[in-house]
């Protein structure tokens, strides 16, 4: 694989942006979710028992234990940590020097602190993925703030390889669990005929995707299986064009998901991981710049043709395998392509048992190759001390990479029990030690397709008299039949997401829902802002409702009209059943549920802290109150991207001016030399003329002497001829 300097820098910049998104998105929702009057107050998770700080951190690794020592309550400390994380990630986005290993360590610790007290609202796979990727950033990023240099290190390719391994685990497991779950929609290739309308928060484009013919929906499922199960093996191919093809296929899948669904920063994080498949040469191709290599001779034509042939064979096998496994055939009657799953669950299990261990060995060989090549680079460094220091760094980071790879095998093999049982016991023990820190995790999204009989949706209704009921409309989740689906990526409204999960079962499976009803009856503004950031849009903003109830409905997307025109409404619904009975403050059922789940705070109201830090945190909250979270996030991202773009253009102009300045300096030197040497040139020319005249004179005299000598020789020759004639006559 070629150099990875530019993809690594792009990866770190994207991670800074994603951290910024995650912290800002969570910060906006902290008062309603974890405040002292929120749904699940975070202070309930921290029991101050008088133990030493070290023991508290070991029991629950969160910086919120430091709140009382700073004179802050848990709510204010949580907001402070989020603001610090947002500020650090914004600095890392704008200034490359802050994309440092120390900064990323701080960001990881801050988000882990939120995760530890986040409870059900933070227990999503993308939160785990962010923590694992963020931990890898600590190894990938340079030590700029300490070492003072952002130069390329010989072990960078080893640590950056870990992101490629994480991408492989994520995509391969996501494809495998869809089939191991035995979900009939995935096995029947009909999952996407339900997915677009039953996902948590669809986008407007999801309505149009839902209208596609069934044959296209089934082909989309086939494509998803190929991209998630087969293509990830190309991540470790020694041929770069195969890796680039795998990169574009993965990005294509993520773009389709982003366009059809609001999955916060998850898909952006997956695309960021895909950058590990690139090299500097391809990034230069994007920038339309010539890529200079150290090797002067290009590969031979024979080798190039062999590579092309091998790549064609791989893609051909992939296409043929897809046709065979899913029985793809042209259907002339329906003018489409028919498809079905041509293998059984038992056959797929055999395949999974066959490939799981080889997947591990592929990872071992790939990582070993990166380690060996990096060690060779260390050996080629000039200078003893540089070579020694580079070798020490390689030893440390190679050992860290090998340890991370070994520990990750435990969650990776969760997809196949026999392979997991064959792992070395020491690896499982190491995994148990680091499991609480979310360093490595298991993944598998959309295991089963929900809402096959219609999308279940909980609708809360309020009343002031118990007779006239008004629906409480959420800002993002479906409710109003005429309201279009929103576009809010990369923000995640965590209450709306949990409302989607709550609708899948009875209210007893979601204890926090009782707390929601209780806080709405109390009229708590922080909780109301989770439903509507503009409180004036909340139907009971002037006075809390006296009664509340909740019903479950079944929602479907509307269909386009026969003439091809669009319907007036986006949704249609049918009443299903009662989800939560009519309750009011003091209601026996409500009080019983609150006591059963421990949701009623019996402690006296806590006094707000008046320290300078607490006042500053409250002032920041007052400035952003009422602003929609997705608007705030996109404003920060747009401003940061604009600043980085202008900074890049300025550096480009400076680089362009350097050659012209050098050319001008050279021309000036030439003119000065010419001016200084003009008089001396004149004297030199006169001296040269005098020397030439003297040379000419000397040459003329020599010629005269030679002519005289020749004449004398001719006279002597004549005399000799006459003497010879006389002798002959005698």
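Residue numbers in this text run from 1 along the chain shown.
Cβ coordinates are placed from backbone N, Cα and C, and glycine is handled just like the others.
Values in this document were obtained by computation on a predicted structure and should not be read as measured data.
Record features, source TrEMBL:
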COMPBIAS  654-688  compositional bias 'Basic and acidic residues'
COMPBIAS  689-730  compositional bias 'Acidic residues'
DOMAIN    123-284  domain 'Lipase maturation factor 1/2 N-terminal'
DOMAIN    439-581  domain 'Lipase maturation factor 1/2 C-terminal'
REGION    654-730  region 'Disordered'
TRANSMEM  12-30  transmembrane segment
TRANSMEM  76-95  transmembrane segment
TRANSMEM  102-123  transmembrane segment
TRANSMEM  129-146  transmembrane segment
TRANSMEM  219-239  transmembrane segment
TRANSMEM  251-278  transmembrane segment
TRANSMEM  302-330  transmembrane segment
TRANSMEM  350-372  transmembrane segment
TRANSMEM  392-415  transmembrane segment
**Prompt:** Taking the transmembrane segment (76-95) as the reference, which of 12-30, 102-123, 129-146, 350-372, 392-415 gives the largest number of Cβ pairs under 8 angstroms?
**Reply:** 12-30
**Request:** May I ask for the residues of the chain that lie six or more residues beyond the transmembrane segment (12-30) and have a Cβ under 8 Å from a Cβ within it?
**Result:** 38, 75, 78-79, 82-83, 85-86, 88-90, 92-93, 96, 98-99, 104, 107, 110-111, 114, 122, 130, 133-134, 137, 140-141, 264-265, 268-269, 271-272, 275, 490-495, 530, 624, 627, 629, 632-633, 636-637, 640, 644
**Asked** Taking contact to mean three or more C-beta pairs under 8 angstroms, with sequence separation of 6 or more, is the transmembrane segment (219-239) in contact with the transmembrane segment (302-330)?
**Response** yes
**Request:** Determine which recorded stretch among 129-146, 251-278, 302-330 has the most C-beta pairs below 8 angstroms with the transmembrane segment (392-415).
**Result:** 129-146
**Prompt:** Cβ under 8 Å to the transmembrane segment (251-278), counting only same-chain residues 6 or more beyond its ends: which ones?
**Reply:** 4, 6-7, 10-11, 14-15, 17-18, 21-22, 25, 125-126, 129-130, 133, 160-161, 163-164, 166-167, 170-171, 196, 199-203, 205-206, 209, 223-224, 227-228, 235, 243-244, 476, 486-492
**Request:** Just give the helix, strand and coil counts over the domain 'Lipase maturation factor 1/2 C-terminal' (439-581), going by DSSP.
**Result:** 34 helix, 33 strand, 76 coil
**Asked** When you scan the chain for residues with a C-beta under 8 Å from the transmembrane segment (129-146), skipping those not six or more beyond its ends, what do you find?
**Response** 8, 11-12, 15, 18-19, 22, 96-105, 107-108, 111-112, 115, 153, 156, 159-160, 162-163, 166, 170, 265-266, 269, 272-273, 397, 400-401, 404, 437-441, 443
**Asked** Tell me, what is the mean pLDDT of the domain 'Lipase maturation factor 1/2 N-terminal' (123-284)?
**Response** 93
